[in-house]
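Enquirer: Would you mind keeping the following structure in view while I ask a few things?
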Amino acid sequence: MRECISIHIGQAGIQVGNACWELYCLEHGIQADGQMPGDKTIGGGDDAFNTFFSETGAGKHVPRAVFVDLEPTVIDEVRTGTYRQLFHPEQLISGKEDAANNFARGHYTIGKEIVDLCLDRIRKLADNCTGLQGFLVFNAVGGGTGSGLGSLLLERLSVDYGKKSKLGFTVYPSPQVSTSVVEPYNSVLSTHSLLEHTDVAILLDNEAIYDICRRSLDIERPTYTNLNRLVSQVISSLTASLRFDGALNVDVNEFQTNLVPYPRIHFMLSSYAPVISAEKAYHEQLSVAEITNSAFEPSSMMAKCDPRHGKYMACCLMYRGDVVPKDVNAAVATIKTKRTIQFVDWCPTGFKCGINYQPPSVVPGGDLAKVQRAVCMISNSTSVVEVFSRIDHKFDLMYAKRAFVHWYVGEGMEEGEFSEAREDLAALEKDYEEVGAEFDEGEDGDEGDEY
């Protein structure tokens, strides 16, 4: 089997996790208590969904997941929520005191105490796998736990499971909407370790997803639940090929191989189509070509950056539902002719496609319409650098005055770590610049030879 272990860290990670497991259960027909009436092979048969769920002898399906937070309130919601019987109590790990939006608390003082317990639980899950493929890590980098404990766990996972791939689903701070003053510090410090310890990181940003909910679903004031349900559709589409048998299956390691041209250039944009409310879906024909086009729309991107400002290096299209390869090829051919969608000159093909025949499911009473087919796109575009340069700019403004730094130093960090992390990100911005402008110098030189 190709099992994946999901690790949900901090409030954002846990709440996105709730939405994901709710959706997985719906897709596989698993009830809230873990029983699965439709499952014929009791006791861990070789079903495709066993990549995400382990089966007990009693026929109960338990998610291969760990939820970690430094304070109990968010995890208590899982412990008392609809799916409380789904998870093993040992999988829900909560501390007693908060990281207080402070990377240093999450990474050094408070996080240190809980990290061994987390690794112990992860080890138990890993021992239960026959062929562990990798980890899906869910966190946000603006807060204290997601950034601090998140990067600490990633560092330790690299030591313990060096060869296993790690996919990050990371919520980055939005340009306008902010949840804490020290977000820029936490994000820069955390990205420093994401750079080294994740293989692929998919950037999400609340503001971009708010806008999608407002525009496409006509929700005037979206809640986090609305946002998370949309994000969970993306994550479900990515992992569908691991959980169902499909026509063109895509493995977690394949994302890495196809999307990451250089190890550091591994921050991805994601988009999903069709995002459409039930009232509208009734009146629209959503063909493969149409949903493919809308996945490339700048307004569909789940992070606030404009792909028209950069070039694509590679992109991965995951279709699900009533889709045949012929339609996909036609849709991709059309995309390639568009002037607005530019690829770097050193990557002429640039498309990886996957098809899964399982149509997308929706949460009953949710906002999304039930549709016949959907596509999720993960793309590696140089425009992602906008996300980093925005955060770096805010970081510089605060750090020039050393504002709030004493809170971090007081928890045992050194000021040098700030400048080290900031330099690493400056190097990353430069890397993106060079990747986008790979062959321009050469072309200018050649023109002289013609006459």
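Cβ coordinates are placed from backbone N, Cα and C, and glycine is handled just like the others.
Reproduced below are the annotations present in Swiss-Prot:
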- Gln11, Glu71, Gly144, Thr145, Thr179, Asn206, Asn228: GTP binding site (BINDING)
- Glu71: Mg(2+) binding site (BINDING)
- Lys40: N6-acetyllysine (MOD_RES)
- Tyr451: site 'Involved in polymerization' (SITE)
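What does the local environment look like for each feature on the list?
Expert: When other Cβ atoms within 10 Å of the Cβ of Asn206 (GTP binding site) are tallied across all protein chains shown, the result is 24.
According to its DSSP assignment, Glu71 (GTP binding site) is coil.
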Enquirer: Pick from Gly144, Thr145: which of these binding-site residues has the biggest number of other Cβ atoms within 10 Å of its Cβ?
Expert: Thr145
Enquirer: When you measure from the Cβ of Glu71 (GTP binding site), how many other Cβ atoms are you left with inside 10 Å?
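Expert: For Glu71 (GTP binding site), the count of other Cβ atoms within 10 Å is 19.
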Enquirer: Measure between the Cα atoms of every pair in Gln11, Glu71, Gly144, Thr145, Thr179, Asn206, Asn228, the residues the record assigns to GTP, and report the largest value in Å, rounded to a whole number.
Expert: 22
Enquirer: Using DSSP with the three-state reduction, classify Gly144 (GTP binding site) as helix, strand or coil.
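Expert: Its secondary structure by DSSP: coil.
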Enquirer: Restricting to the same chain and to sequence separations of six or more, state which residues have a Cβ under 8 Å from that of Asn228 (GTP binding site).
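Expert: Expected: Gln15, Val16, Asn18, Ala19.
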Enquirer: Least buried of the binding-site residues Gln11, Thr179, going by other Cβ atoms within 10 Å?
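Expert: Looking at the binding-site residues Gln11, Thr179, the Cβ with the fewest others within 10 Å is that of Thr179.
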Enquirer: Three-state secondary structure of Thr179 (GTP binding site) from DSSP?
Expert: coil
